[in-house]
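Novice: The structure is given below, and queries will be raised subsequently.
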Amino acid sequence: MAAGGGKSDDFQPFPVKDQLPGVDFCLSSTPSWPEAVLLGFQHYLVMLGTTVIISSIIVPLMGGGNVEKADVINTVLFVAGINTLLQTLFGSRLPVVIGGSYAFIIPTISIALSRRYSIFVDPHRRFKASMRDVQGSLIVASFFTMVIGFFGFWRIISRFFSPLAAIPLVILTGLGLYAQGFPQLARCIEIGLPALVAVVFLSQYVPHFLKSRRGIFERFAILFSVAIIWAFAEILTAAGAYDNRAPQTQFSCRTDRSGLISAAPWIRFPYPFQWGRPRFNAGDAVAVIAASFVAIIESTGTFITASRYASATPMPPSVLSRGVGWLGVGLLLDGLFGTGSGSTASVENAGLLGLTRVGSRTVIQISALFMLFFSVLGKFGAVLASIPLPIMAALYCVLFAYVASAGLGLLQFCNLNSFRTKFIVGFSVFMGLSVPQYFNQYLLVSGHGPVHTRSTWFNNVMQVIFSSPATVGFIVAFFLDCTHSYGHSSVRRDSGRHWWEKFRNFNTDTRSEEFYSLPANLNRFFPSF
């Protein structure tokens, strides 16, 4: 008995967990089929927001209108469905959705605004010409990513990962997208704020009031919230609440302003080279390669998040490298089909795993089937894609927070009483937020980044890399963890390396085979080392 009459274990710290407890369905388990279908549809709904946002940014700058935007959105959905199936079957095997990436926006805009398209008078011809240049750059970048992954270079690098270096990466993978949260929600506060309140109330408070139906509200809070607030937005639109408002407000708030439903075809199958033969430009390709490097780092943070919320063990380096290789295959498909942007592991869908407590791989594969289905039936997909973006931004406020909290959860593996740990975590997170803020603000004020030389491709490379919070934070943390007091005897334990040591090789822990082995016994032909 301890002093004061309490038990000796009353004040013991919580035990370290290789696998996250409290998950209802882990990576290799599956809910009932009706529930799995609804959860898959919910994942499809969540990934729609980023797809629409990226397409709405790049397509008008390339010269496209609503028809081209609808076609690009359907193409992105079609390729995302294929990439998600490939990643879950043959890649990392984690429950991750592969969708559009913000990292590719800067080089795509640079291509779209190039002076070489000034000869085109017809906007449609200009759109197709710029899209073909983007396709060529994506194809070149795909080979870079495949080499990094399939040839084991990312496996070699990831063997030096520690929980300490992963913490800033995962935190900033979520927090780095803060601009897509409340700032976008506030574009239409009368529907965005109720959507945020609805998600938080239905997912966090209602389950405690209705314990018998707890799972329903925890798992389907997104569907309930979107349905309720979307109907509310329809009522406001029909009642004429936005008839005399500013055009930007009408675009953000109205449910009939996206132009997608009228522009989308009833049935259309995306196909390779639909915009014409890809064209290759060395400068454009180098900038897109830099974006693909950023996508690799950000996807690594999403993979770590997904493995935690799927209650799987830490990823062996060989599996992580395999997943990166299949990201390269996804980039190749992006270039062949012409999505206008590259792919990455979806951050918001990884957060949804935490919100629902369902990390099932099967659910994500069902969501991929929804992507393929709605990409072909354009009108039906356009109806869902016309959901006001402030509603989607409200969802991001919760989902990105779950990703950031997964990074905070990795602190359990480190010695928090070590000043080395405190410095590396604090400094890398701060620099990961501060440096991109400087680069983005400079670009907004001056019209160009702080690196402004005569080489446009070099300027774009610097802007792409240093405007990514996850990339900056990870580079700082990884460098410091590998160099700061590295020879000291306590560094290995302070960084948490000893906790991940048994997962460095695929065959060291039997659970790795359960979670990450390839289907149909393909590990015999493609062994993991």
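Even glycines carry a Cβ here, placed using N, Cα and C.
Whatever TrEMBL says is automated annotation, not expert-curated.
According to TrEMBL:
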TRANSMEM  41-60  transmembrane segment
TRANSMEM  72-90  transmembrane segment
TRANSMEM  96-113  transmembrane segment
TRANSMEM  134-154  transmembrane segment
TRANSMEM  160-179  transmembrane segment
TRANSMEM  222-242  transmembrane segment
TRANSMEM  285-304  transmembrane segment
TRANSMEM  368-387  transmembrane segment
TRANSMEM  393-411  transmembrane segment
TRANSMEM  423-440  transmembrane segment
TRANSMEM  460-480  transmembrane segment
Novice: Counting Cβ pairs under 8 Å that are 6 or more apart in sequence, does the total for the transmembrane segment (285-304) and the transmembrane segment (160-179) reach three or more?
Specialist: yes
Novice: For the transmembrane segment (41-60) and the transmembrane segment (96-113), does the number of C-beta pairs under 8 Å, pairs 6 or more apart in sequence, reach 3 or more?
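Specialist: Per Cβ check, the transmembrane segment (41-60) touches the transmembrane segment (96-113).
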Novice: Take the C-beta pairs under 8 A between the transmembrane segment (393-411) and each of 96-113, 160-179, 222-242, 368-387, 423-440. Which stretch has the highest count?
Specialist: 160-179
Novice: Given a Cβ distance threshold of under 8 angstroms, which distant residues of the chain, six or more beyond its ends, lie next to the transmembrane segment (368-387)?
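Specialist: Distant Cβ neighbours of the transmembrane segment (368-387) are 40-41, 43-45, 47-49, 51-52, 70, 73-75, 77-78, 80-82, 84-85, 88, 97, 226, 230, 255-256, 258, 260-261, 263-270.
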Novice: What stretch in 96-113, 222-242, 423-440 has the biggest tally of Cβ pairs under 8 Å against the transmembrane segment (160-179)?
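Specialist: Per the Cβ under 8 Å count, 423-440.
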Novice: Short question: which residues 6 or more past the ends of the transmembrane segment (96-113) have a Cβ under 8 Å from it?
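Specialist: Sequence-remote neighbours of the transmembrane segment (96-113) are 43, 47, 50-51, 54-55, 57-58, 61-63, 76, 80, 83-84, 86-88, 130, 133-134, 137-138, 177, 180, 281, 284, 287-288, 290-292, 294-295, 298-299, 302-303, 306, 327, 330, 339-346, 349-350, 364, 367-368, 456, 460, 463-464, 467-468.
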